[in-house]
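Structure, as structure tokens:
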Amino acid sequence: MAYSDYSDGADDMPDFHDEGEFDDYLNDDEYDLMNEVFPTLKAQLQDYQGWDNLSLKLALFDNNFDLESTLAELKKTLKKKKTPKKPIAAANGSANVTQKLANISISQQRPNDRLPDWLDEEESEGERNGEEANDEKTVQRYYKTTVPTKPKKPHDISAFVKSALPHLSFVVLGHVDAGKSTLMGRLLYDLNIVNQSQLRKLQRESETMGKSSFKFAWIMDQTNEERERGVTVSICTSHFSTHRANFTIVDAPGHRDFVPNAIMGISQADMAILCVDCSTNAFESGFDLDGQTKEHMLLASSLGIHNLIIAMNKMDNVDWSQQRFEEIKSKLLPYLVDIGFFEDNINWVPISGFSGEGVYKIEYTDEVRQWYNGPNLMSTLENAAFKISKENEGINKDDPFLFSVLEIIPSKKTSNDLALVSGKLESGSIQPGESLTIYPSEQSCIVDKIQVGSQQGQSTNHEETDVAIKGDFVTLKLRKAYPEDIQNGDLAASVDYSSIHSAQCFVLELTTFDMNRPLLPGTPFILFIGVKEQPARIKRLISFIDKGNTASKKKIRHLGSKQRAFVEIELIEVKRWIPLLTAHENDRLGRVVLRKDGRTIAAGKISEITQ
């Protein structure tokens, strides 16, 4: 309904329960205006308290989207925040800017910053009594303990793992325009996570922009930039469940300009789907002509992905030709084996992401079944979830808890010691009541609650859980925390775990790829580790690695393409320490990627922390 329909007065304005409901109320022009002005208004009110997103948007709406008038009005009614004294942290320096993993709710077509009710339902005793926070808390040194606390309701972890549904996170890779977002949008639609009404809306919006075939892709690509360019820019994660397993999709960009985003997505996934465009000459442009297919697979192998599904997409464009299927497989398989994948860990599935055949609901025709007798994509994913979940069956109370911080969620509450952090369990398990330490700030916190996100039908459910285990994506509600010194890329660990280092120099077991120039001492590059990127340089070339995987006595002056060596790396322009683990301590967290001049030049494992 248009704004003019309510122009007679504020009394005619409906009551909105949340920000999403208000966004749906706006017409397209109003929504675009709001997206243009709202971020500026929000940024200019960061020093004020007592507002939320909905109240700011309503104020903008009432002032006809006039930023200056809205600011003047709000500053008269809002109170300024008290400026806390900066705590003395274990880690020095200012925050390093990193890109966030965008967690997008598929059940809503317009993103918002609402928090699940459970995250903000509790206040401290002082808040309930109207007392102000005690500033003395923020001037103390961070509290670090090595004595674990007990869970509120202890669970037998081994029994929990055996009874829980398998969980699988997978990243979707492939050359630009291979159909990655369309494929994942079709899968979510077939699973009834997106309903027919929402799909019709996306159909209208895509037709307006002359991109009617993008309706499924727009389920995943929700920003204006992504829709206008027709490529995925950010990393979108979506959660869904079947009766057999739980899943997290990471839809990574395929365009060369956004390879760093793809690296961040790969680092969080258990396995990968490679989406291949089987149309005439399309595979060749992504594979032979310096496309992203090879680079994505090289990154996946380098970052510890061992299991692949090759989604042979757009098979309807070649009339489901077995010859075309086998032709592509014969070119791609030798390359995958050459870079480290085992043939037994690769599944090949013919599909059409747009029509849905071979994805989930729409069965293969009799003609296709004459030459392909394997499962569809969804069944292949479920089988992979069971296979990979067996690796977690050995989890017990003695495995160290390790957690990658992917997002820090702002809280509406004024409690100084509350932090809400989302991320992935890389090892072990965690239960409410247990304590953890966050690195590099080395602050010890108590886990108050654990939340998992799931989507059923048309709604998003945020549920509490008593246990989170390796592989789970969860939000932790922490007490006794300093959220201002927690960042994306930080690591949390059991309080009695002492293997995380904050160092400037370390040794890599490095493998180089195709490079324009050799690596020499002093060569600068960008180091990617997890969701962090950091300028670094070659400090020292130590030795080549021979075929027996041992250090060679041959003198090393420079490192060329496709060579292996032990190399000492030095981080430069360090604004904030990066928590480090060796690959021996954790195989996934100890892996890094090196990029220079827009190209991936090498990858490696941290073998030793030197200083």
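Cβ coordinates are placed from backbone N, Cα and C, and glycine is handled just like the others.
Annotation source Swiss-Prot lists GTP binding site at 174-181, 313-316, 352-354.
Taken from Swiss-Prot, the feature compositional bias 'Basic and acidic residues' covers 126-138.
Residues or ranges marked as domain 'tr-type G' by Swiss-Prot on the basis of sequence analysis: 165-390.
Annotation comment: Swiss-Prot describes Ser124 as phosphoserine.
As annotated by Swiss-Prot, region 'Disordered' applies to 1-21 (among others).
Taken from Swiss-Prot, the feature region 'Disordered' covers 105-138 (among others).
The region 'G1' annotation in Swiss-Prot covers 174-181 and rests on sequence analysis. Predicted-model confidence for the region 'G1' (174-181) is 83, expressed as mean pLDDT.
What Swiss-Prot records for 230-234 is region 'G2', and it gives sequence analysis as the kind of evidence.
Annotation source Swiss-Prot lists region 'G3' at 251-254, citing sequence analysis.
Annotation comment: Swiss-Prot describes 313-316 as region 'G4'.
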Going by a 10 angstroms cut-off between Cβ atoms, which of the binding-site residues Gly174, Ala178, Lys180, Met315, Ser352 has the sparsest surroundings?
Ser352
Hey, of the binding-site residues listed (Val176, Asn313, Phe354), which one tops the CB count within 10 A?
Asn313
Can you see whether DSSP assigns Phe354 (GTP binding site) to helix, strand or coil?
coil
